[in-house]
Structures are given as structure tokens and as C-alpha cells.
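What Swiss-Prot records for this protein:
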- Tyr18, Tyr41, Trp76, Trp77: substrate binding site (BINDING)
- His22: active site, proton donor (ACT_SITE)
Amino acid sequence: MIQKAFKMKLFEGKEEEYKKRHNEIWPDLVKELKSHGTSKYLIFYDKDTNILFSYIEMENEELWDEIAETDACKKWWAFMKDIMETNPDNSPISVELSNVFNLK
């Protein structure tokens, strides 16, 4: 299993809206995530910095990368762009984080 972590940034005061939207996540997006090998996806929020921390477990990085080309993902990005920092294509500005410790 491949593990990845990313950070993204939420706009000030948008935590509740972010939670609401994810509590109502679209079934077609969930289906795409799972069909592209995502087995676990957790998102945490740091209220002091508005940083979102995402942890993902996936079967295959190439499959994961293909999610960005799906209609469901592109629509979700457009839906979320008003509450978080995004790139010109509406994808979240995200920075991959390095794993520095793993207790086994």
C-alpha cells in the first residue's frame, strides 16, 4: 500500500463550509476515488494556520493521478475553489509532504 500526505490551504473562516461539503460528498466522486485504488483518505484541519493535511492510502500512484482527469473530480474542484487556494485549473494548490517517521 502506498501512503501519501499533502497540505492545502483553506480560506479564512471556511472550515464549517469545507466540513459540510465533505459530509455531503458526491457518490460519483467516492466511486471514482475507490475505483482508482484509494482505500483510505483522511483530511485534518489546523485552525491556527487554515492548513488542511490529507493522508491517503492507495494501491497505485498512476491510478491516483488519473483521478484528476475524471469529470467528477473536475466538478468537485470547481465546487471547492471558492473556499480554498487553487491552481488555474481549479485543482487545490497542494504540497506533497515527506514521511519522516513510521512506527511499525
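Note that the numbers count up from 1, one per residue, in the order the chain is shown.
Using the three backbone atoms N, Cα and C, a Cβ is placed for every residue, glycine included.
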Legend entry - Remaining residues near the recorded substrate site, that is with C-beta within 8 Å of the centroid of the site residues Tyr18, Tyr41, Trp76, Trp77: Arg21, His22, Ile25, Leu29, Phe79, Met80, Pro92
Legend entry - Winner by Cβ contact number (other Cβ atoms within 10 Å) across the binding-site residues Tyr18, Tyr41, Trp76, Trp77: Trp76
Legend entry - Trp76 (substrate binding site) and the residue listed as 'active site, proton donor', Cα-Cα, nearest whole angstrom: 10
Inset, instruction - Give the helix, strand or coil assignment DSSP yields for the residue listed as 'active site, proton donor'. - result: helix
